[in-house]
Each structure stands twice: as C-alpha cells, then as structure tokens.
Amino acid sequence: MMRTHYCGQVTEILENQQVTVSGWVHRRRDHGGVIFIDLRDREGLVQVVVNPDNAEMFAIAERVRSEYVLKVEGKVCARTPETINPKMNTGKIEIVAESLEVLSSAEPIPFQLDDKHISEEVRLTYRYLDLRREEMQSTMRTRYRVTRSMRRYLDDNGFMDMETPILTKSTPEGARDYLVPSRTHPNKFFALPQSPQLFKQLLMMSGFDRYYQITRCFRDEDLRADRQPEFTQLDIETSFMTEEEVMNMMEGLTKTIFREGVDVNFEDDFPRMTYAEAIEKYGIDRPDLRIPLQLVDVADLLQDIDFKVFAGPAKDPMGRVAALRVPQGGKLSRKEIDDYTKYVGIYGAKGLAYIKVNDLSAGLDGLQSPIVKFFPDQAMEIMQRVGAEDGDIVFFGADNAKIVNEALGALRCKIGEDLDMIEKEWAPVWVVDFPMFEMDEKTAKMTAIHHPFTQPKATTEEILNHDEPHQMLSRAYDLVINGIEVGGGSVRIHDTHMQAAVLKMLGISDEDAQEKFGFLLNALKYGCPPHAGMAFGLDRLVMLMAKRDSIRDVIAFPKTQSAACMLTDAPGNVDNTQLADLELRFRKSLVAKDAS
C-alpha cells in the first residue's frame, strides 16, 4: 500500500495509530542526531521523525534532499508541548518513522517553492514545480470547488451537460479565429470556436430546453492580464425564459459558487444599472461599485464661457465635460497630480484640470486652481453640484465623450485604490439595456456590441427603418463584480426575418449571411423557441474569487502574453512531411525571416 492517509490529514485523532504516507520532501532538518522531514502532498504537511537507532533507515534519511519523493510508514505520536506548531493542521503530532523508502530522487530545483519573488518566466518554464507551491495548490482547489458547484447547481435546476464541436466553421465573431487546415478537404479550413454560441442556440431549436457546458474557447487576439488565446467558460442556454428569469437563475448560481467556493455569502439581491447610467456615473460599462466616487456632468454650466478647452466639448454633441470629486483629495501633492495627469494620458486625455477646495465659505478665494479665473461665475455652482467640501479636490475631463469616460473612469478606480477608498469586499451589479450597435471607428462600419444574434428591443420593421441604429437598445445583460465582467448574456433572436434584418444592418449581404450562417438561418425556419443564455468566463471568475492578479495564476498551464507556452516551447515548427500532407508551404519571405 502506497498510503493510508494524506499527509495533511494526519492529525491528533490518529494518535498511536500506524499510518503510511507518501509525498515530497518539503524540508529536512538535523537536530541533535535526529532527522526531521516535513513531508508534503496535496493536502498539506506532516512532520516525520527519523531516529538514529535504525542505522539503515537513518542513512537513507541523511541522503534525502528537497523534492525527493518518499514513502514513510510509522506511528503517529503527540508532540511535546513546546514543539507544537499551531500554524499547521498537523502541528500537534508527528510520525515516528519505522520504514522509509525513496520512491524518486530529485536534482536541485531552480527555485525554492516558498520564494515569493520568482519571475513569471521561470514559474511558467517550470510550471510543474510552480504548481507544487501551496499558493498554486490552493488556487487550483478553489477552481475545482467552483466548477463542482456550477455543475451541481445546474444539474439540480434541470440543465443537461452537452458537448459542442471544437472543429467548426469560421464565422465572424469579432476576434480572429485560430484556423486548422483540413487534410481531407484541401484548401479548406476548420476554425477553433470562439464560443459555442451558434451550436447552443441550435440545441434549443432541437428541444433540449436547458443546456450547459464548461468548455474551451479560442481567440487569436492581443493578450492582456485577463486574456488568453485559449480560455474556459461556463456556457448556458435556456428555452422559454425571459431575461429576468435567466438573470435570477444566474444570480442564484453566482451566490452558490461564491458560498461553496470561497465561503462568501451574498445576502441581498444584486442591484441593476442601465448601460447609460454606468457610463454617465462611472465612465465604464463594468463599474467597480466598491469605490464611492462618481462622475458628474457639468457641460451645461460651461457652454457659454470663453475657455475653449471646456466650452468646445460642452457644446459638441459628441463631447463631454465631467467632474470627479475626491473627498479630502486636496492633500494630493503636485507630483501626485502630475502622475495622475500622465495616467489619464494613456486613455487619450490631453490634460487633467483640477480645483482644490480650501474654504468654501470664502467663495472663489477659497478655491485653488489655475482654471477658476476662466469661469468665475460658474465655479461655485459646479462645487455645489458635485457636493464639494473643504479639503476636497475636483478633477475635470473635457474632450470627446469616449475619451472623457475612459480617462475619468480609469482615474476613478486608480484614485480609489491609491487612497484606500474601497468600502467593501464584494460589489456585484447587473448592467442592462446595452446599445445593440456601435460604430467601429477604424472601419466606419456598424458592429454588434455583444454579437449579431442578440435580440434588439425593437421590431423587425423598426430595425430596418431606424435612423440612428446606434441608439437602439438590446436585450443583453452583463454581470459585473468589483469592476470585472464575470459573465454576459442576452435574449437571442428566434425569428428568421429579424435575424436577417440585424445581419443587413451590420452590412452582411444575403450571400455572405448564407455562406457564414446558413445552417442557423435555415434552422430558424423550422420552429425556433424563444431562448436566452449566458456565459461566465471561468478563468476570470476564479481569478476574482481567489484574489489573484492574472488569469495565468488560475490556469494550470497558461500561455504568456505573446501566446506562447514557456513549458513546451509551443508554438513550434513542424516538418515538411506534415506540411505536404496538408498541401501547405511557407512563402520564401517568411522562411527567410524565420531563419534570420
């Protein structure tokens, strides 16, 4: 028998019993002719004592080093009071070894597992060692508890776990597809799915009513801290349910996985907020409601002043002038304000005007700012509107509305964190009433904010005849927690004429629509139930719940920000025979570039 108990489960209730444990040597110490080994496995550590009276076993223990794999048989004994370790679950006992076997030796490892300052490059290169660390073990257990909780909740609510294809057809979904050449169909390609969106809708048309899947998705896009080329999502679809019913059920799911995954209880219903309100008050559609700061519009007070920096955007229908009051922010130094000015520049802001409120009772004389002189008649009214008090600072953004929203929205979060203004640990919110369409600034084409299968809050005729489609709302909803979008969904289009109208609005011709989505459009003709769904980004959700900084910390074998695997050195080269089988070859310019 390799073991009777996990190391971390050997506690005082097993005192005087014989046990067998197996695991890695976490630490070995010599004390007065006795060898102590901290043995580690998935469940934790246990101290093993090797006495010198068994010369053969003691000699083996002397040769043992960190990360050797051992099997130990022995008796569980109570520690003396002065040697009890209250920080360990097994700290009241130790195993007095009667047999010790080296199952596997280990070369010196490239870093110590308890080192807190290992570079990410080293961690990812030796991921199998990195995953042995207690922090990573804990994170992966959290991920498992979350997925187990998801499955139980959905199973109990009548959902079926069903698989959808990984090799599928390339369809325009916003990001670039990963393409897979077909050997049996020369010059044709499969695509790895960006989501199971169309297949889960087809499952609703097939009568399965409630579907879920924890699935892998693939997007060939630029990476950030919360992006991976391959990622995992909990995908859900339902028939004959309104968005209100879906949101209520998904809220129940969220509360369940937080309770069972990280012991967090959400007692109250999640608040609701429209997209327009989120943008107006927080500058972003995924607001962090833990931070008690809001943007306030002041454009109407500044349209007629001579200061063009403010008056221009105030008069411009596409512009915005907004203020951000920071309570007791008047203590910020000139350098700190300059740093914040550089920060908003990342988002396109050309500067960061401000007013320090020294003494409101003194009127204009109590305001400290180089810009007050440009609007003396409006300054005090602005202070009143934003609720300024003595000791505050009020920042201003004036530009194109998109720039102001992004710059002040980001500044709001940064200041909230810098000044320790976060009021609570968790702040969930549903964001609803998203616009259906938006204009792509690069292509000047209309695009769907969520995806083209989201149902608009409009009839087919209204879609076709709408003068300002970017003002049309959709039946979409996002779940945001602490400023992170953890999931999103919508009611889907279940009428073939409405679907055709939306595709037409997006500039997709009938011919292209049939080429890309013909299978869906045909299915819509044969009795499609009203249906709605949602998807949770599992990696991002676990990152939030485990309080990690990157989703790379919650994925067992992640890619880097350049979409490479440090462990396996993927992507890699393939030989010419494989390319010939696929009837592929590289252009000479690419081969030469790779060789250089």
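Note that Cβ sites are derived from N, Cα and C of the backbone, with glycine treated the same way.
These come from Swiss-Prot:
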- GLU173, ARG219, HIS450, ARG492: L-aspartate binding site (BINDING)
- ARG219, ASP220, GLU221, GLN228, GLU485, GLY537, LEU538, ASP539, ARG540: ATP binding site (BINDING)
- 197-200: region 'Aspartate' (REGION)
- HIS31: site 'Important for tRNA non-discrimination' (SITE)
Based on Cα distances to ARG540 (ATP binding site), point out the closest of the recorded positions HIS31, ARG219, ARG492.
ARG219
Would you mind listing, in sequence order, the residues at least six apart from ARG492 (L-aspartate binding site) in the same chain with a Cβ closer than 8 Å to its Cβ?
GLN201, MET204, PHE453, THR454, GLN455, HIS531, ALA532, GLY533
Pairwise CA distance, GLU221 (ATP binding site) versus HIS31 (site 'Important for tRNA non-discrimination'), rounded so that it is a whole Å:
56
Rounded to a whole number, what is the top Cα to Cα distance in Å among the residues the record ties to ATP, namely ARG219, ASP220, GLU221, GLN228, GLU485, GLY537, LEU538, ASP539, ARG540?
20
To the nearest whole angstrom, state the Cα distance for the pair ARG219 (L-aspartate binding site) and HIS31 (site 'Important for tRNA non-discrimination').
55
Is it possible to get the count of other C-beta atoms within 10 angstroms of the C-beta of HIS450 (L-aspartate binding site)?
19
Please name the residue among the binding-site residues GLU221, GLU485 whose C-beta has the most neighbouring C-beta atoms within 10 angstroms.
GLU485
Within 10 angstroms of the C-beta of ARG540 (ATP binding site), what count of other C-beta atoms is obtained when all protein chains are considered?
23
